[in-house]
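Since the structure comes first, as structure tokens, the remarks are kept for the end.
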Amino acid sequence: MPDYRSKTSTQGRNMAGARALWRATGMKDEDFKKPIIAIANSFTQFVPGHVHLKDLGQLVAREIERAGGVAKEFNTIAVDDGIAMGHDGMLYSLPSREIIADAVEYMVNAHCADAIVCISNCDKITPGMLMAALRLNIPVIFVSGGPMEAGKTKLASHGLDLVDAMVIAADSTASDEKVAEYERSACPTCGSCSGMFTANSMNCLTEALGLALPGNGSTLATHSDREQLFLTAGRTIVELCKRYYGENDESVLPRSIANFKAFENAMMLDIAMGGSTNTILHLLAAAQEGEVAFDLRDIDRLSRKVPQLCKVAPNIQKYHMEDVHRAGGIFSILGSLARGGLLHTDLPTVHSRSMEEAIAKWDITQTDDEAVHTFFKAGPAGIPTQTAFSQSTRWETLDDDRENGCIRSFEHAYSQEGGLAVLYGNIALDGCVVKTAGVDESIHVFEGTAKIFESQDSAVRGILADEVKAGDIVIIRYEGPKGGPGMQEMLYPTSYLKSKGLGKACALLTDGRFSGGTSGLSIGHASPEAAAGGAIGLVRDGDKVLIDIPNRSINLLVSDEELAQRRVEQDKKGWKPAEVRPRKVTTALKAYALLATSADKGAVRNKAMLEGL
């Protein structure tokens, strides 16, 4: 029977000093026999997805203590990608994922905590905490802050989100008044941005991995139903502790739950719902932390057989996360995948003995449970607020239309191939990724002329100066994990291409990455990256590039001999940008770049460089 990890600091004569300090935090004699459960919160006033989390850690703490545990809360950092975007702040976004993972490890191991409740929400916070959970492999449960309500304005017939505000701002034909109206309407409440962007994608994937409660990814941040998720998480983590430490039940540990099959389930969900390409990066990173042999080839394999069953902004303007919830949330998509014979349903979760059991209970098309139906009727109130659980609005009906609704059956899928694809070729030998859900079918095969930019900044200037024409393939390089450093998101270049009317007339290829808000023929994560000697660094202005999504290929139409000669020349010059970039690369960023791997490895640290230390 495993001992509580916390016994290291709570038991024995020699730990009198440690116990004295524990007592100073409020612990009593009886508490030293209970599991100490860390609450990793990520409250910050910088991020709308986290601004409402301040008191939620203590909400969970009280429930943990009622259930027989001792709760100790700490905080991690959280970067807002939208606010950090378009300037050097974006250099820090992806590196913050590693800092968050380390922070959770540091706090949990330094204080010998027995389990963790991860209160996350936005882009790098959920992945960072997931990496830590799989690294530590002690009982864990995730509960996120929830999605924002979609914005509303009389100037648009559809719901708004952050991307709408960015696109309209770049449209030279839009009046200042229209831009101001979109700006004030796009992000009306607390919560993670309302489309299927990175934050919401990752929170949905924690459900598929089995590490979060049903509704975690889709219940609105403002809705009173979300409070119950936090309360249930507090009770559940104590139960998981009892099963592991009291009954030696290792099936409750993160690596037992989030195994190879669970990672396949998560990736199949991502493909089926057209999630952010960033999720590929983060799943690969989490798999490495959990020592799961899941890689880009597995994602490529799955992308060829999973249909797209859900389409949400930015891939379609009609639906946002509140509509996914009304259609039954993530377990309705998982149910469709299960009935299609794809999902692994024999896996345990933190809340059910098996995924099959959970689907039977939570898929609205399979259950008559009125409480479940009521839960998924939770909807938006349309009232601007930064307060969690502040409204109890419900839809009159559910969206259970699997032919024409937000979530579809296999027979009525949006497309028979899913919303994400991995491409390989001489320009990306280790692969690159594209969100096909956001690509118009007319350009699934695209041959274009390379237009080279050595940074995101120069690409933005070129696009706005009309240097990019229809038929061009914008190449933005030296923006990978090592070359950026930090692998910036390219939402501004894609938004500006869209505002220039080039969304269906151009492509963009980069060793950087894309926001979950990106759509269009935007191909990222080109690996190896330019700074690591990748062939994207050998492309020249005027070269022809052929993109073929159906055949999963991307090739520079240059002979092998010519590429070899260019490589010799580039080796002599060094693999660095041809232009001087006015960005300040600090010691912190240099330290990140030193150990960073390319995107096909999840941009995690190169552990081989640390061997022997």
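Each residue, glycine too, has its Cβ placed from N, Cα and C.
Annotation for K124 (Mg(2+) binding site): same-chain Cβ neighbours under 8 Å, separated by at least 6 residues, are A78, V79, D81, S93, L94, S96, R97, I100. Among the features that Swiss-Prot reports, Mg(2+) binding site is placed at D81, D123, K124, E489, with the record citing sequence analysis.
Look at Swiss-Prot and you will find C122, C193 tagged as [2Fe-2S] cluster binding site, backed by sequence analysis. The Cβ neighbour count for C193 ([2Fe-2S] cluster binding site), using a 10 Å radius over every protein chain in view, is 32.
For K124, the entry in Swiss-Prot reads N6-carboxylysine.
Secondary structure at S515 (active site, proton acceptor), as computed by DSSP, is coil. Here Swiss-Prot flags S515 as active site, proton acceptor, drawing on sequence analysis.
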Spatial neighbours of E489 (Mg(2+) binding site) among the recorded positions C122, C193, S515, defined as Cα within 10 A: which are they?
S515
Where does D81 (Mg(2+) binding site) sit in the DSSP three-state scheme?
helix
Cα distance, S515 (active site, proton acceptor) to D123 (Mg(2+) binding site), nearest Å?
9
Would you please pick out, from the binding-site residues D123, E489, the one with the fewest other Cβ atoms within 10 Å of its Cβ?
E489
Between C122 ([2Fe-2S] cluster binding site) and S515 (active site, proton acceptor), how many Å separate their Cα atoms?
12
Cα-to-Cα gap, C193 ([2Fe-2S] cluster binding site) vs S515 (active site, proton acceptor), nearest whole Å:
11
